[in-house]
Amino acid sequence: MADGSSDAAREPRPAPAPIRRRSSNYRAYATEPHAKKKSKISASRKLQLKTLLLQIAKQELEREAEERRGEKGRALSTRCQPLELAGLGFAELQDLCRQLHARVDKVDEERYDIEAKVTKNITEIADLTQKIFDLRGKFKRPTLRRVRISADAMMQALLGARAKESLDLRAHLKQVKKEDTEKENREVGDWRKNIDALSGMEGRKKKFES
């Protein structure tokens with residue numbers, strides 16, 4: 001018996017069912033402070049990892065900058081060869097300067113031509129992009145300003161000379177004179193009196209005579 005009671009005591013108790021809150025308490029539950037879940041990584045470890053990532057990124061940037069400087073130096077060394085000025089006279093130095101100026105002018109012309117081609121390509125790309133947007137119907141709408149205009153002015157702007165004809169709605173209506181309505185009222189009279197007059201023997205006699 002003792003062993004059975006000890007086994008029952010060792011068994012874990014079932015977790016209680018979660019309490020379902022009412023909809024009226026949702027707002028209070030959302031605003032009340034809750035115990036935040038503790039992350040598996042401590043704050044000091046997070047700071048250490050951030051510092052390490054920043055150091056790695058800094059090293060990568062420095063390495064890329066060094067590679068760009070090396071490529072620039074290699075390109076300049078291949079294109080701009082060192083000048084041999086030892087033992088040159090005044091006339092030879094003048095000729096060398098003329099040659100260098102001619103090379104500079106040629107490079108400037110090539111640079112201008114390349115820039116013109118790039119500008120032309122950019123404009124062509126922009127035109128083609130605009131044509132694509134026009135074909136798709138996705139054009140940029142201009143900004144419209146609010147303008148106060150009456151209905152008459154709007155119809156005048158849309159229809160022109162036909163606006164007056166369309167706005168004159170009473171022209172197509174049938175005009176009824178007041179005298180005609182009074183005459184009809186006199187002829188009809190009170191319908192109750194007509195029914196009373198035609199009811200009974202006298203009414204039948206009147207119908208027979210008519």
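Cβ coordinates come from backbone N, Cα and C, glycine included.
The feature region 'Disordered' is assigned by Swiss-Prot to 1-43.
Here Swiss-Prot flags Ser5 (among others) as phosphoserine.
According to Swiss-Prot, the phosphoserine annotation covers Ser23 (among others), on the basis of experimental evidence.
Under the heading phosphoserine, Swiss-Prot lists Ser24 (among others).
The phosphotyrosine annotation in Swiss-Prot covers Tyr26, and the record cites experimental evidence as its basis.
Taken from Swiss-Prot, the feature phosphothreonine applies to Thr31 (among others).
The annotation region 'Involved in binding TNC' is assigned in Swiss-Prot to 32-79.
Marked as phosphoserine by Swiss-Prot on the basis of similarity to another entry: Ser44 (among others). Non-local neighbourhood of Ser44 (phosphoserine): empty, since no residue in the same chain at least six residues away has a C-beta under 8 Å from its C-beta. For the recorded site, Ser44 (phosphoserine), the DSSP three-state label reads helix.
Other Cβ atoms within 10 Å of the Cβ of Thr51 (phosphothreonine) number 10 in total over all chains. Per Swiss-Prot, phosphothreonine is recorded for Thr51 (among others), and the stated evidence type is experimental evidence.
According to Swiss-Prot, the feature phosphoserine maps to Ser77 (among others). Other Cβ atoms within 10 Å of the Cβ of Ser77 (phosphoserine), summed over all protein chains shown, number 10.
Long-range Cβ proximity for Cys80 (site 'Involved in TNI-TNT interactions'), meaning a same-chain Cβ under 8 A and a gap of 6 or more residues, is found for none. Here Swiss-Prot flags Cys80 (among others) as site 'Involved in TNI-TNT interactions'.
Marked as site 'Involved in TNI-TNT interactions' by Swiss-Prot: Cys97 (among others). Residues near Cys97 (site 'Involved in TNI-TNT interactions') in space but far in sequence (CB under 8 A, at least 6 apart, same chain): none are found.
If you draw a 10 Å sphere around the CB of Thr129 (phosphothreonine), it holds 10 other CB atoms from the protein chains shown. Among the features that Swiss-Prot reports, phosphothreonine is placed at Thr129 (among others).
Regional average pLDDT for the region 'Involved in binding TNC and actin' (129-149) in the model is 74. Taken from Swiss-Prot, the feature region 'Involved in binding TNC and actin' applies to 129-149.
What Swiss-Prot lists as phosphothreonine is Thr143 (among others), and the listing cites experimental evidence. In three-state terms derived from DSSP, Thr143 (phosphothreonine) belongs to neither a helical nor a strand segment and is classed as coil.
On its own chain, Ser150 (phosphoserine) has no residue at least 6 apart in sequence with a Cβ closer than 8 Å to its own Cβ. According to Swiss-Prot, the feature phosphoserine maps to Ser150 (among others).
The secondary structure of Cys97 (site 'Involved in TNI-TNT interactions'), as reduced to three states from DSSP, is helical. Cα spacing between Ser77 (phosphoserine) and Thr129 (phosphothreonine): 41 Å, rounded to the nearest whole number. Under the three-state DSSP scheme, Cys80 (site 'Involved in TNI-TNT interactions') falls in the coil class.
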